[in-house]
Amino acid sequence: MSLAASAGRGPGTMWSPTHVQVTVLQARGLRAKGPGGTSDAYAVIQVGKEKYATSVSERSLGAPVWREEATFELPPLLSSGAAPAAAATLQLTVLHRALLGLDKFLGRAEVDLRELHRDQGRRKKQWYTLKSKPGKKDKERGEIEVDIQFMRNNMTASMFDLSMKDKSRNPFGKLKDKIKGKNKDSASDTASAIVPSVTPSVDSDDESFSKDKKKKSKIKTLFSKSSLQKTPLSQSMSVLPTSKSDKVLLRAGDFQSQWDDDAHEDESSSASDVMSHKRTSSTDQQPNQSNFSLPKKEGLSFLGGLRSKNDSLSRSTVCINGNHVYMEQPEARSEIRESSPSNSPSPQGFRRKHLFSSTENLAARSPKEPGEGGGTSSDRRLSDSSTKDSMKSMSLPSYRPLTSGDNRESMSPANVEAARETKDSKKQESKKSSLLSLVTGKRDAAAKGSESEPLPTVSEKEKERKGALVEAQLREEDLMRRPEKDALPVASQWGSSLNPFEDVQISDPGATTESRSEPKPPVPAARVPQTKAVKPRPHPVKPMNTTATKIANSSLGTATIITENLISEALMKKYQPSDPAFAYAQLTHDELIQLVLKQKETISKKEFQVRELEDYIDNLLVRVMEETPNILRVPAQMGKKAGKM
């Protein structure tokens, strides 16, 4: 069976076949046994005890055609001569089928497969002469054409070798196996890679010795037991382990969510927000609520910038033109926008709230303001301004610059542009003071003249005209500066002098009323340019640049919506238990990293095993191409299979 035993016997005997395929093609010169010189012939193919019969070729004129094949397994030691002659002999018998009685004999031929394999090689097709039965007189019986092909089936050879090796033909061998503890049912260490072993690993009493320990003395091999435990790795390296890998079932209860505390805080804050929309503050409590003292930093929630509901700035109210605006509802919309890197409430955030709270009043009163600017008489404007000043002193006594038009421009100035705004505001104040000096000087002279002697009515009319001209110039300058200021941030339209946290100091209501009444002259006609000079924008709400405010509000709104959507998705996204991602949704970052590393290691091991299998298949394909390349070809005509008898 070994290659070394068959070496040196010709080019065709370098390998030992395991199977032989016999194809009976046709016959000629057969004797006629039927009516009209015909015969119903069929052939019987036999190797050892296996027999196959072809189909019957009816009414053939001595030349039937079958083209049927049969495959036989050869004994393992065919080339060494140890097999019996009958096991290595191919017998071909041609018979005539009889309707009644036994079939009639037409001829027979015998082929020695060992000699054919040694002399002819792998495949041979030739005509063989049919002979009579042994002990009978030879007659002319014709010939039969047979195609004989030797093959080697690696799987059968490997299994056959294992079965022969495990059989103990010697009684001393059986005794030796019992002493060594070798069991008949135990798997062999030399198991083939083609047939992977599914037998589990046995104990140390049932294991066999390695080749190195067989070289030791007989006493040690007979009475010593190996301490090694047999594993599936002692088989071929190409065999994948059949044991299943341990699977870890992850559950949501094994891990604690880090969003639970934040979810409870969000629910409590939303509940308190709904309950805090009641108007319970009176006009006496409003000045205390609009206090400018900065609150202390309180505990921050998950986002890091949300203020608590007890914050005085978030609960402050503003009275604009007699309409009370409460700051609880706008805060819920601008929570994400107020989360700044400083992580603490600031006056900038307070002024940012006024922008959202005063947009409705701006939209309602903006078309009415231009008509109120210059279309009324001086007496009517004085009465309106006095009533408005009284309302302002009641609502915000210490925050006059904010009520004079700063509510609609409540965006906080940037730290980078603070110096630039202060310079612009100083320039504007210097120009306004120069214009005011001209007006007040003339007004003081008019006051002195009125005390000494009454002036004619013509001089009073001229002063009114001059005051109107100065007022028109101030309006033109404001209109010219407005597009330049709109290009800057919204908060930079007014100088730093109008910022209540920089220039305005908190004072009592009485002091503010006295300071307001001091610059008023006794002449009622000259009060109009004076009030216009001190307050260039007398109304708290004036028409704004609609395009700039729309762009700013739209950009802020879209940014807020995007951030709110992202955070809501991060907080509210939940997986169903049937979803495969549910097992990984509650894992932490470190646990996910460990899981990925384990999966990567498992994949690398499987890739190594697949690579070994690919190498084995490549080597096996090379052997097939060398030994039996004909099995890789597609035959032009598939042969018929002979029926087994």
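The count begins at 1 with the first shown residue.
Including glycine, each Cβ sits where the backbone N, Cα and C put it.
Taken verbatim from Swiss-Prot:
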- 1-128: domain 'C2' (DOMAIN)
- 171-187: compositional bias 'Basic and acidic residues' (COMPBIAS)
- Ser186: phosphoserine (MOD_RES)
- Ser204: phosphoserine (MOD_RES)
- Ser208: phosphoserine (MOD_RES)
- 282-293: compositional bias 'Polar residues' (COMPBIAS)
- Ser301: phosphoserine (MOD_RES)
- Ser316: phosphoserine (MOD_RES)
- Ser342: phosphoserine (MOD_RES)
- Ser344: phosphoserine (MOD_RES)
- Ser346: phosphoserine (MOD_RES)
- Ser357: phosphoserine (MOD_RES)
- Ser358: phosphoserine (MOD_RES)
- 378-391: compositional bias 'Basic and acidic residues' (COMPBIAS)
- Ser383: phosphoserine (MOD_RES)
- 418-432: compositional bias 'Basic and acidic residues' (COMPBIAS)
- Ser434: phosphoserine (MOD_RES)
- 459-487: compositional bias 'Basic and acidic residues' (COMPBIAS)
- 573-635: domain 'FIP-RBD' (DOMAIN)
Please work out the helix, strand and coil residue numbers for the domain 'C2' (1-128) from the DSSP assignment.
-> 17 helix, 59 strand, 52 coil
Helix, strand, coil residue numbers for the domain 'FIP-RBD' (573-635) per DSSP?
-> 47 helix, 0 strand, 16 coil
Average the pLDDT scores across the domain 'C2' (1-128) and report the rounded value.
-> 82
